[in-house]
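*Asks:* Here it is: the structure, laid out below.
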Amino acid sequence: MTTPLLLRAARGESVERPPIWLMRQAGRYMKVYRDLRDRYPSFRQRSEIPELAIEISLQPFRAFAPDGVILFSDILTPLPGIGIPFDIVESKGPIIDPPIRTLEQVQHLHPLEPEAACPFIRPILATLRQEVGDRAAVLGFAGAPWTLAAYAIEGKSSKDYIQIKTMAYREPDLLHKFLNHLATAIADYLCYQIDCGAQVVQLFDSWAGQLSRQDYDTFAFPYQKQVIQQVKAVYPDVPIILYINGSAAIVDRMAATGVDIVSLDWTVDLGTIRQQFPPSVGLQGNLDPVILFAPQPVLKERSLAIIEAGRKGKYIFNLGHGVLQGTPEENVAFLFDWVKSLA
(Lines of atoms letter the chains of each structure in order from A and count residues from 1; the text may use other names and numbers.)
(Lines give C-alpha, C1' and ligand atoms only; values in the text may rest on other atoms or scores of the structure.)
Protein backbone atom coordinates (compact mmCIF):
# COMPACT_ATOMS: atom_id res chain seq x y z
CA MET A 1 0.00 0.00 0.00
CA THR A 2 1.37 3.42 -0.96
CA THR A 3 1.50 6.33 1.48
CA PRO A 4 -1.29 8.90 0.88
CA LEU A 5 -0.21 12.11 -0.85
CA LEU A 6 -1.25 14.38 2.02
CA LEU A 7 0.72 12.36 4.55
CA ARG A 8 3.82 12.48 2.34
CA ALA A 9 3.46 16.25 1.96
CA ALA A 10 2.92 16.73 5.70
CA ARG A 11 6.15 14.83 6.35
CA GLY A 12 8.01 17.12 3.97
CA GLU A 13 8.57 14.53 1.26
CA SER A 14 8.65 15.51 -2.41
CA VAL A 15 5.15 15.35 -3.94
CA GLU A 16 3.85 15.56 -7.49
CA ARG A 17 1.24 18.23 -6.65
CA PRO A 18 -0.08 20.03 -3.57
CA PRO A 19 -2.59 17.90 -1.65
CA ILE A 20 -6.01 19.44 -1.03
CA TRP A 21 -8.68 19.06 1.63
CA LEU A 22 -11.03 21.70 3.02
CA MET A 23 -12.00 22.55 6.56
CA ARG A 24 -15.73 21.81 6.97
CA GLN A 25 -15.68 19.92 3.66
CA ALA A 26 -18.53 17.85 5.12
CA GLY A 27 -21.48 19.98 6.08
CA ARG A 28 -24.46 22.17 5.37
CA TYR A 29 -23.47 23.33 1.88
CA MET A 30 -23.89 19.73 0.62
CA LYS A 31 -27.40 18.56 -0.24
CA VAL A 32 -26.66 14.99 0.86
CA TYR A 33 -25.71 16.33 4.29
CA ARG A 34 -28.85 18.45 4.59
CA ASP A 35 -30.98 15.45 3.64
CA LEU A 36 -29.35 13.35 6.34
CA ARG A 37 -29.65 16.19 8.87
CA ASP A 38 -33.40 16.34 8.20
CA ARG A 39 -33.65 12.69 9.25
CA TYR A 40 -31.29 13.08 12.23
CA PRO A 41 -31.72 16.65 13.56
CA SER A 42 -29.46 16.21 16.61
CA PHE A 43 -25.82 17.15 15.96
CA ARG A 44 -24.72 14.90 18.81
CA GLN A 45 -26.46 12.00 17.06
CA ARG A 46 -24.81 12.79 13.74
CA SER A 47 -21.35 13.01 15.26
CA GLU A 48 -21.54 10.26 17.89
CA ILE A 49 -23.45 7.45 16.14
CA PRO A 50 -20.64 5.77 14.20
CA GLU A 51 -22.71 4.89 11.11
CA LEU A 52 -23.85 8.51 10.72
CA ALA A 53 -20.47 10.10 11.40
CA ILE A 54 -18.79 7.71 8.94
CA GLU A 55 -21.37 8.47 6.26
CA ILE A 56 -21.01 12.24 6.73
CA SER A 57 -17.19 12.07 6.76
CA LEU A 58 -17.28 10.14 3.48
CA GLN A 59 -19.82 12.36 1.67
CA PRO A 60 -17.20 14.84 0.39
CA PHE A 61 -14.78 11.98 -0.31
CA ARG A 62 -17.30 10.40 -2.66
CA ALA A 63 -18.20 13.73 -4.23
CA PHE A 64 -14.77 15.37 -4.64
CA ALA A 65 -12.05 12.81 -3.75
CA PRO A 66 -10.08 15.12 -1.42
CA ASP A 67 -6.59 14.07 -0.35
CA GLY A 68 -7.66 14.21 3.29
CA VAL A 69 -10.79 12.87 4.99
CA ILE A 70 -11.41 14.44 8.37
CA LEU A 71 -13.40 12.87 11.17
CA PHE A 72 -16.89 14.41 11.39
CA SER A 73 -17.11 15.55 14.98
CA ASP A 74 -16.98 18.68 17.12
CA ILE A 75 -14.23 20.28 19.18
CA LEU A 76 -16.45 20.00 22.28
CA THR A 77 -16.87 16.21 21.94
CA PRO A 78 -14.39 15.23 24.71
CA LEU A 79 -15.73 17.74 27.28
CA PRO A 80 -18.38 15.46 28.88
CA GLY A 81 -15.53 13.01 29.48
CA ILE A 82 -13.93 15.43 31.95
CA GLY A 83 -17.22 16.46 33.55
CA ILE A 84 -18.47 19.32 31.33
CA PRO A 85 -21.75 18.40 29.60
CA PHE A 86 -22.80 20.34 26.50
CA ASP A 87 -25.47 20.44 23.84
CA ILE A 88 -25.48 21.85 20.33
CA VAL A 89 -28.65 23.71 19.41
CA GLU A 90 -29.36 24.16 15.70
CA SER A 91 -28.87 27.83 14.68
CA LYS A 92 -27.59 28.72 18.19
CA GLY A 93 -24.48 26.59 18.46
CA PRO A 94 -22.99 25.00 21.58
CA ILE A 95 -24.53 25.52 25.02
CA ILE A 96 -22.69 24.70 28.25
CA ASP A 97 -24.89 25.12 31.31
CA PRO A 98 -23.72 25.74 33.94
CA PRO A 99 -20.59 27.45 32.59
CA ILE A 100 -17.27 26.86 34.36
CA ARG A 101 -16.49 29.91 36.50
CA THR A 102 -15.35 28.77 39.96
CA LEU A 103 -12.40 26.99 41.52
CA GLU A 104 -14.75 24.38 42.95
CA GLN A 105 -15.99 23.51 39.44
CA VAL A 106 -12.45 23.15 38.10
CA GLN A 107 -11.44 20.98 41.07
CA HIS A 108 -14.38 18.66 40.36
CA LEU A 109 -13.21 17.95 36.80
CA HIS A 110 -11.63 14.56 36.22
CA PRO A 111 -9.04 13.16 33.78
CA LEU A 112 -10.22 12.11 30.33
CA GLU A 113 -10.46 8.39 29.65
CA PRO A 114 -11.05 8.56 25.89
CA GLU A 115 -12.05 4.94 25.32
CA ALA A 116 -14.79 5.19 27.96
CA ALA A 117 -15.83 8.78 27.22
CA CYS A 118 -15.74 8.64 23.40
CA PRO A 119 -16.11 4.96 22.41
CA PHE A 120 -17.56 5.96 19.01
CA ILE A 121 -14.24 7.47 17.87
CA ARG A 122 -12.54 4.10 17.34
CA PRO A 123 -15.11 2.57 14.94
CA ILE A 124 -15.41 5.86 13.04
CA LEU A 125 -11.68 6.29 12.41
CA ALA A 126 -11.04 2.58 11.83
CA THR A 127 -13.80 2.44 9.22
CA LEU A 128 -12.61 5.63 7.51
CA ARG A 129 -9.11 4.15 7.19
CA GLN A 130 -10.63 1.01 5.70
CA GLU A 131 -12.90 2.93 3.29
CA VAL A 132 -10.34 5.38 1.89
CA GLY A 133 -7.31 3.06 1.90
CA ASP A 134 -4.30 4.85 0.46
CA ARG A 135 -6.41 7.24 -1.64
CA ALA A 136 -6.51 9.82 1.16
CA ALA A 137 -5.08 10.48 4.60
CA VAL A 138 -7.47 10.28 7.55
CA LEU A 139 -7.34 13.32 9.83
CA GLY A 140 -8.36 13.65 13.45
CA PHE A 141 -8.73 16.91 15.32
CA ALA A 142 -9.33 18.60 18.65
CA GLY A 143 -9.95 22.05 20.04
CA ALA A 144 -7.03 23.77 21.77
CA PRO A 145 -7.21 24.66 25.48
CA TRP A 146 -7.93 28.39 25.12
CA THR A 147 -10.81 27.83 22.69
CA LEU A 148 -12.38 25.03 24.74
CA ALA A 149 -12.00 27.14 27.87
CA ALA A 150 -13.69 30.05 26.08
CA TYR A 151 -16.74 27.92 25.28
CA ALA A 152 -16.84 26.41 28.77
CA ILE A 153 -16.48 29.73 30.62
CA GLU A 154 -18.74 31.81 28.36
CA GLY A 155 -21.28 28.97 28.22
CA LYS A 156 -21.88 29.59 24.52
CA SER A 157 -20.36 31.22 21.44
CA SER A 158 -19.28 34.80 22.08
CA LYS A 159 -18.27 37.92 20.17
CA ASP A 160 -16.41 39.67 22.96
CA TYR A 161 -15.23 36.89 25.37
CA ILE A 162 -15.93 39.04 28.42
CA GLN A 163 -16.21 36.13 30.88
CA ILE A 164 -12.96 34.33 30.02
CA LYS A 165 -10.97 37.55 29.59
CA THR A 166 -12.27 38.84 32.92
CA MET A 167 -11.15 35.58 34.53
CA ALA A 168 -7.75 35.97 32.85
CA TYR A 169 -7.28 39.42 34.37
CA ARG A 170 -8.96 38.89 37.77
CA GLU A 171 -8.26 35.22 38.52
CA PRO A 172 -5.36 34.15 36.29
CA ASP A 173 -4.39 31.26 38.59
CA LEU A 174 -7.88 29.76 38.23
CA LEU A 175 -7.75 30.06 34.45
CA HIS A 176 -4.26 28.53 34.29
CA LYS A 177 -5.46 25.60 36.40
CA PHE A 178 -8.36 25.02 34.00
CA LEU A 179 -6.19 25.40 30.88
CA ASN A 180 -3.65 22.92 32.23
CA HIS A 181 -6.39 20.36 32.89
CA LEU A 182 -7.75 20.87 29.37
CA ALA A 183 -4.28 20.56 27.79
CA THR A 184 -3.70 17.15 29.37
CA ALA A 185 -7.16 15.94 28.31
CA ILE A 186 -6.75 17.19 24.73
CA ALA A 187 -3.34 15.55 24.37
CA ASP A 188 -4.80 12.26 25.61
CA TYR A 189 -7.72 12.65 23.19
CA LEU A 190 -5.45 13.26 20.19
CA CYS A 191 -3.25 10.30 21.13
CA TYR A 192 -6.40 8.20 21.30
CA GLN A 193 -7.46 9.36 17.82
CA ILE A 194 -4.05 8.42 16.45
CA ASP A 195 -4.28 5.02 18.13
CA CYS A 196 -7.70 4.60 16.47
CA GLY A 197 -6.32 5.34 12.99
CA ALA A 198 -5.82 9.09 12.47
CA GLN A 199 -2.71 9.68 10.35
CA VAL A 200 -2.56 13.47 10.78
CA VAL A 201 -4.19 15.59 13.50
CA GLN A 202 -5.19 19.24 13.55
CA LEU A 203 -5.43 21.43 16.64
CA PHE A 204 -8.03 24.20 16.29
CA ASP A 205 -7.51 27.29 18.45
CA SER A 206 -10.30 29.16 16.73
CA TRP A 207 -10.56 31.98 19.29
CA ALA A 208 -6.88 32.55 20.12
CA GLY A 209 -6.83 35.22 17.40
CA GLN A 210 -9.02 37.32 19.72
CA LEU A 211 -6.09 37.73 22.12
CA SER A 212 -3.42 40.41 22.24
CA ARG A 213 0.08 39.10 21.63
CA GLN A 214 0.85 39.39 25.36
CA ASP A 215 -2.27 37.45 26.34
CA TYR A 216 -1.68 34.87 23.59
CA ASP A 217 1.80 34.23 25.00
CA THR A 218 0.34 33.88 28.51
CA PHE A 219 -2.91 31.95 28.04
CA ALA A 220 -2.82 30.18 24.66
CA PHE A 221 0.73 29.53 23.44
CA PRO A 222 2.00 27.58 26.49
CA TYR A 223 -0.97 25.22 26.40
CA GLN A 224 -0.82 24.68 22.64
CA LYS A 225 2.83 23.78 23.16
CA GLN A 226 1.96 21.47 26.07
CA VAL A 227 -0.55 19.54 23.94
CA ILE A 228 1.88 19.23 21.04
CA GLN A 229 4.77 18.09 23.25
CA GLN A 230 2.61 15.47 24.98
CA VAL A 231 1.39 14.06 21.65
CA LYS A 232 4.87 14.13 20.11
CA ALA A 233 6.26 12.26 23.13
CA VAL A 234 4.02 9.32 22.20
CA TYR A 235 3.73 9.74 18.41
CA PRO A 236 6.79 11.69 17.22
CA ASP A 237 6.19 10.90 13.53
CA VAL A 238 2.51 11.89 13.29
CA PRO A 239 2.18 15.35 11.69
CA ILE A 240 0.33 17.97 13.73
CA ILE A 241 -1.35 21.03 12.17
CA LEU A 242 -2.24 24.16 14.18
CA TYR A 243 -5.02 26.50 13.02
CA ILE A 244 -5.87 29.87 14.55
CA ASN A 245 -8.52 32.15 13.07
CA GLY A 246 -7.31 35.77 12.97
CA SER A 247 -3.66 34.87 13.41
CA ALA A 248 -1.95 37.77 11.61
CA ALA A 249 -0.49 39.31 14.80
CA ILE A 250 0.76 36.01 16.26
CA VAL A 251 1.54 33.83 13.25
CA ASP A 252 5.28 33.82 13.99
CA ARG A 253 4.56 32.39 17.45
CA MET A 254 2.55 29.51 15.98
CA ALA A 255 5.68 27.99 14.46
CA ALA A 256 7.36 28.05 17.88
CA THR A 257 4.78 25.66 19.35
CA GLY A 258 6.54 22.70 17.74
CA VAL A 259 3.84 21.93 15.16
CA ASP A 260 4.73 20.46 11.80
CA ILE A 261 2.31 22.65 9.83
CA VAL A 262 0.81 26.09 10.47
CA SER A 263 -2.64 26.56 8.94
CA LEU A 264 -3.19 30.19 7.92
CA ASP A 265 -6.37 32.22 7.63
CA TRP A 266 -6.89 34.29 4.47
CA THR A 267 -5.78 37.62 6.01
CA VAL A 268 -2.15 36.47 6.06
CA ASP A 269 0.07 36.59 2.97
CA LEU A 270 1.22 33.01 2.52
CA GLY A 271 4.24 33.93 0.39
CA THR A 272 5.57 36.31 3.04
CA ILE A 273 5.15 33.70 5.77
CA ARG A 274 6.85 31.10 3.59
CA GLN A 275 9.96 33.32 3.51
CA GLN A 276 9.86 33.94 7.26
CA PHE A 277 9.39 30.34 8.42
CA PRO A 278 12.13 27.70 8.45
CA PRO A 279 11.72 24.96 5.79
CA SER A 280 10.90 22.43 8.52
CA VAL A 281 7.59 24.20 9.22
CA GLY A 282 4.93 23.49 6.61
CA LEU A 283 2.03 25.74 5.64
CA GLN A 284 -1.64 25.01 5.00
CA GLY A 285 -4.24 27.30 3.48
CA ASN A 286 -5.34 29.86 2.86
CA LEU A 287 -8.03 30.72 0.29
CA ASP A 288 -10.80 33.03 1.50
CA PRO A 289 -13.89 30.77 1.74
CA VAL A 290 -16.03 33.49 0.12
CA ILE A 291 -14.01 33.14 -3.11
CA LEU A 292 -15.89 29.85 -3.56
CA PHE A 293 -18.92 32.05 -4.38
CA ALA A 294 -16.96 33.83 -7.15
CA PRO A 295 -16.91 33.00 -10.88
CA GLN A 296 -14.69 30.00 -11.59
CA PRO A 297 -11.99 32.00 -13.46
CA VAL A 298 -11.55 34.15 -10.32
CA LEU A 299 -11.45 31.03 -8.17
CA LYS A 300 -8.79 29.56 -10.44
CA GLU A 301 -6.68 32.73 -10.45
CA ARG A 302 -6.79 33.25 -6.67
CA SER A 303 -6.08 29.61 -5.79
CA LEU A 304 -3.17 29.45 -8.24
CA ALA A 305 -1.52 32.50 -6.67
CA ILE A 306 -1.68 30.85 -3.24
CA ILE A 307 -0.42 27.51 -4.54
CA GLU A 308 2.53 29.12 -6.34
CA ALA A 309 3.59 30.72 -3.05
CA GLY A 310 2.94 27.64 -0.96
CA ARG A 311 4.49 24.93 -3.06
CA LYS A 312 7.98 26.38 -2.65
CA GLY A 313 8.09 24.39 0.60
CA LYS A 314 6.11 21.87 2.64
CA TYR A 315 2.51 22.73 1.76
CA ILE A 316 -1.14 21.59 1.86
CA PHE A 317 -3.84 23.53 0.02
CA ASN A 318 -6.90 24.46 2.07
CA LEU A 319 -9.18 27.37 2.84
CA GLY A 320 -8.41 30.02 5.43
CA HIS A 321 -11.51 28.89 7.36
CA GLY A 322 -14.31 26.35 6.89
CA VAL A 323 -16.56 26.00 3.83
CA LEU A 324 -19.50 28.38 4.31
CA GLN A 325 -23.17 27.47 4.27
CA GLY A 326 -24.62 28.17 0.83
CA THR A 327 -21.33 27.61 -1.02
CA PRO A 328 -22.09 26.29 -4.54
CA GLU A 329 -21.19 22.60 -4.64
CA GLU A 330 -20.17 22.93 -8.28
CA ASN A 331 -17.49 25.46 -7.30
CA VAL A 332 -16.15 23.14 -4.61
CA ALA A 333 -15.97 20.38 -7.23
CA PHE A 334 -14.22 22.78 -9.63
CA LEU A 335 -11.64 23.73 -6.99
CA PHE A 336 -10.78 20.11 -6.23
CA ASP A 337 -10.48 19.24 -9.93
CA TRP A 338 -8.40 22.33 -10.65
CA VAL A 339 -5.90 21.79 -7.83
CA LYS A 340 -5.57 18.10 -8.69
CA SER A 341 -4.84 19.01 -12.32
CA LEU A 342 -1.62 20.73 -11.24
CA ALA A 343 0.34 17.47 -11.06
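Each residue, glycine too, has its Cβ placed from N, Cα and C.
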*Asks:* Out of S206, S212, which one does Swiss-Prot list together with R24, Q25, A26, G27, R28, F43, D74, Y151, H321 for substrate?
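*Replies:* Among S206, S212, only S206 appears alongside R24, Q25, A26, G27, R28, F43, D74, Y151, H321 as substrate-binding in Swiss-Prot.
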*Asks:* Find the longest CA to CA distance in the recorded substrate-binding set R24, Q25, A26, G27, R28, F43, D74, Y151, S206, H321; express it in Å as a whole number.
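*Replies:* Answer in Å: the longest Cα-Cα distance is 23.
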